Amino acid sequence: MIEVENIKVAIGAVDILHDVSLRLEPGRLVTVIGANGAGKTTLLRTLSNVVTPHAGTIRFDGRPTAGIKPHVLARAGLVHVPQGRQIVPGLSVRDNLVIGADRVAGLDRDAIAAGLEREFARFPVLKERQHIPGGNLSGGEQQMLAVSRALMMRPKVLLLDEPSLGLAPQVVTTILKALRGLADDGLAVLLVEQLALLALSIADEAHVLQRGRVALSGPARDLRKDRAVIESYLG
Amino acid sequence: MTLVNFFQLLVSGIAMGAIYTITAKGLFITHLATHRLNFGQGDFLMVGAFASIGMLAAGVPAPLAVLGVLVLMGVLGYLLERFAIRPLDRLGDRAGAYSWVLTTAGAALILQNIVELGFGKSAQYAPPLFSKTRDNVINILGVGIFFEEAAIIIAAFLIVGAFYWFLFGTRWGKAVYAVAFNPEAASLFGIDVRGVVVLVFVLAALMAGISGVLVGPLVSVHPHMGLIFTIKALAVAAVGGFTNPVGILVGGLLFGVAEAFSNYWDSAFGDLYPLLFVMALLAFRPSGLFGERRADVR
């Protein structure tokens with residue numbers, strides 16, 4: 001679904017990523033863990049073409065994504081839930097949910113209504129609050145909204161940047177369980193997290209990013225047992 | 001001052017105020033979405049006024065002339081974004097932070113001189129839009145009011161209403177809010193950010209053009225009239241708090257009415273006092289009468 005080969009990314013004069021490669025497949029949840037500043041957010045921004053790599057290739061659905069604008073990629077099903085949730089504060093919860101799906105070719109009024117029902121069933125709190133401004137939701141509710149907004153666009157690949165940031169532990173569990181469920185239903189999920197052990201507990205496969213390089217990769221189950229290794233990499 | 005006098009000044013003030021509001025809406029929407037605005041907004045208004053005068057004088061029926069002005073202004077708004085805004089965005093940090101002030105003001109100078117070539121330097125008057133003669137007076141509760149002014153007020157309020165409907169009721173209006181909040185995030189949920197930027201500059205040009213069509217029958221029109229309209233629209237937008245579309249409506253009407261009365265008391269320097277008042281207001285309330293003080297999201 002997504003193949004990343006040896007990408008190198010610099011922002012300004014600073015090299016952020018060196019020779020990063022990874023693959024995402026439908027039905028698999030892959031996590032990228034690493035300390036602050038390891039390049040996790042830059043990796044996701046590169047996958048969604050906000051940032052352009054100066055070497056290496058990224059393929060989505062078999063085709064190189066170089067030169068495709070972020071909004072076109074998003075409409076085609078490569079949907080990135082950015083860090084900090086980015087809920088438009090002045091728009092209602094419902095408008096926030098629909099704003100992306102409204103722009104996806106092939107999603108008509110009925111498909112959007114069905115999508116809303118599906119997301120309201122997934123996170124019932126969004127249904128209760130659908131008419132209040134998105135900015136008035138709690139952090140956890142905003143994260144649910146951000147995930148649902150992405151799912152409304154019928155993604156093939158879902159990229160998530162630290163969905164746990166600033167949330168209470170039980171909300172984190174709710175969200176991570178929902179992500180596991182999405183992968184089980186056939187979505188390709190890439191989860192970037194600082195809460196390494198939690199991320200490893202739900203992922204199929206993991207990569208540890210350290211100062212812009214993939215320092216360690218493997219089945220999440222194996223990495224999880226290797227706590228000493230994890231802790232030394234994550235600091 | 002008689003009561004009749006008072007009401008006539010009030011109506012004239014509301015008519016001009018409504019026009020300032022429409023012009024300022026154009027500044028508001030591009031500032032909301034891009035933190036940039038057209039320093040030639042008043043000159044775009046001037047182009048709209050001359051385009052309508054030219055077409056009406058050539059015998060084009062009024063509705064067609066208005067349509068023609070809108071098409072012309074839409075194209076001008078697109079060209080402004082394409083040549084005065086986009087190249088600077090491409091340069092990123094290498095362009096000065098406020099270089100768009102110079103490029104948009106430069107475009108305005110070009111427009112002034114093109115219009116001067118075509119129409120000459122002297123002041124002109126637009127024929128009335130809504131009635132046969134300029135001095136067609138209607139009687140409302142014993143007060144004689146120019147029909148033209150009353151019709152302009154109604155038209156202006158319809159346009160302001162349409163603007164609110166666009167901003168709060170359509171998917172494009174919601175996209176403008178998403179881009180205003182965070183352009184990168186907006187692109188991640190499928191919004192064509194560059195398309196929205198073009199859209200707001202086209203809309204701003206349309207608002208200036210409509211203002212020009214409406215103002216033509218009220219004031220004398222000449223190629224260098226634009227700057228004062230730019231300044232007044234900026235003043236109105238600043239009083240309204242720049243981020244509050246309803247505040248701009250209130251600010252525009254207040255400004256227009258204040259100007260009408262101020263000109264009644266001092267016909268030589270009447271335009272000066274409302275601007276002085278805005279300056280004093282901003283010294284004490286930099287976010288205007290209706291703006292909230294808040295940290296910039298960008």
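Just so it is clear, glycine is given a Cβ too, placed from its N, Cα and C backbone atoms.
Straight from TrEMBL, the features:
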- B:6-23: transmembrane segment (TRANSMEM)
- B:44-77: transmembrane segment (TRANSMEM)
- B:97-119: transmembrane segment (TRANSMEM)
- B:140-167: transmembrane segment (TRANSMEM)
- B:196-221: transmembrane segment (TRANSMEM)
- B:233-258: transmembrane segment (TRANSMEM)
- B:264-284: transmembrane segment (TRANSMEM)
### Message
Please tell me whether the transmembrane segment (B:44-77) and the transmembrane segment (B:196-221) touch - that is, whether there are at least 3 C-beta pairs under 8 Å between them, with each pair 6 or more apart in sequence.
### Response
yes
## Note on the structure
Maximum Cβ pairs under 8 Å to the transmembrane segment (B:196-221) among B:6-23, B:97-119, B:140-167, B:264-284 is reached by B:6-23
### Folded-back contacts onto the transmembrane segment (B:6-23), same chain, C-beta under 8 angstroms, at least six residues removed
41-42, 45, 143-146, 149-150, 152-153, 156-157, 159-160, 163, 207-208, 210-211, 214-215, 218, 229, 232-233, 236, 248-249, 251-261, 264
